[in-house]
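Visitor: Structure in structure tokens, see below.
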Amino acid sequence: MIQIAPSILSADFARLEQEILKVETAGADLLHIDVMDGHFVPNLTFGPPVVKAIRKVTQLPFDVHLMVDKPEEYVRPFAEAGANIITIHAEATPHLHRVVQSIKEHRIQAGVALNPATPLCVIEEILHDLDLILIMSVNPGFGGQKFIPSALKKIRRLKTMLMQINSPALIEVDGGVTSENAAQLKDAGADILVAGSAIYGVVDCQAAIASLKKV
Ligand code: DX5
Ligand code: ZN
């Protein structure tokens, strides 16, 4: 069954604890935490102290998406704050292999994210080291953007690459995910759907999660 990772980027930050508990009760599988540094992307969000604080209020695994330059400097602080998965962007470091290894040294899962314009070949040589690949279906930086359909083809090709090397790595898709495109994403090979506005932007988040899951 497909896993759903609500993105707290679209939550009401004044009520963060309730917003997290709401999606946990509603059937979320992971909590997606979008970390933005104002350099790699033109927006600022959460640092390790916020992750550490919310670690106390939920059992959900923390799926930390680092949209930051120099990700090597942030692996340890986010690992110590309670991340279960740390995903870094291939575009953010020339030393992708080294940073992936450093995530694994913390005994947490390592993911690499690719922007819409970044080809799959940049991760080909390290594919067997990865626990997760995050295919961006919008340009990172903001919630509520429109899904870029070419992501579907990319997910299909990635799925084939993973099958060829017998890799159990998961494919996650992030940006503009809705109940309208969820079935296509699953068919293409996605294992985890990240959704911000489709879950936090509606009144009934339980129904929203259910409709993303039932595809
Ligand atoms: C975008 C973030 C996403 C964002 C998705 O830069 O990485 O995780 O929260 O939001 P929606 O689902 O609204 O596109
Ligand atoms: Zn994200």
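Cβ from N, Cα, C; glycine included.
Residues or ranges marked as active site, proton acceptor by TrEMBL: Asp34. Taken from TrEMBL, the feature active site, proton donor covers Asp174. Per TrEMBL, the feature substrate binding site maps to Ser7, His65, Gly141, Phe142, Gly143, Gly144, Asp174, Gly175, Gly176, Gly196, Ser197. Residues or ranges marked as divalent metal cation binding site in TrEMBL: His32, Asp34, His65, Asp174.
What's the neighbourhood like for these features in this structure?
Guide: On its own chain, Asp34 (active site, proton acceptor) has Ser7, Ile8, Leu9, Thr45, Phe46, His65, Met67, Gly143, Gly196 as residues at least 6 apart in sequence with a Cβ closer than 8 Å to its own Cβ.
Every protein chain shown contributes to the tally, and the Cβ of Asp174 (active site, proton donor) ends up with 25 other Cβ atoms within 10 Å.
In the three-state DSSP scheme, Gly141 (substrate binding site) falls into the coil class.
Every protein chain shown contributes to the tally, and the Cβ of His65 (divalent metal cation binding site) ends up with 27 other Cβ atoms within 10 Å.
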Visitor: Going by DSSP, give the three-state secondary structure for Asp34 (active site, proton acceptor).
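Guide: The residue in question, Asp34 (active site, proton acceptor), is strand (DSSP, three-state).
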Visitor: Take the mean position of the Cβ atoms of Ser7, His65, Gly141, Phe142, Gly143, Gly144, Asp174, Gly175, Gly176, Gly196, Ser197, the recorded substrate site. Which other residues of that chain put their Cβ within 8 Å of it?
Guide: Leu9, Ser10, Asp34, Val138, Pro140, Gln145, Val194
Visitor: To the nearest Å, how far is the Cα of Gly141 (substrate binding site) from the Cα of His32 (divalent metal cation binding site)?
Guide: 14
Visitor: Could you check what DSSP calls Gly176 (substrate binding site) once collapsed to helix, strand or coil?
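Guide: Once the DSSP labels are grouped into three classes, Gly176 (substrate binding site) ends up as coil.
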Visitor: Setting His32, Asp34, His65, Asp174 aside, what same-chain residues sit with their Cβ within 8 Å of the center of the Cβ atoms that define the divalent metal cation site, listed in sequence order?
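Guide: Here the non-site neighbours turn out to be Ala5, Ser7, Leu9, Ile33, Asp63, Thr87, Leu134, Val194, Gly196.
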Visitor: Just checking: which of the recorded positions Asp34, His65, Gly141, Gly143, Asp174, Gly176 have a C-beta under 6 Å from ligand 2?
Guide: Asp34, His65, Asp174
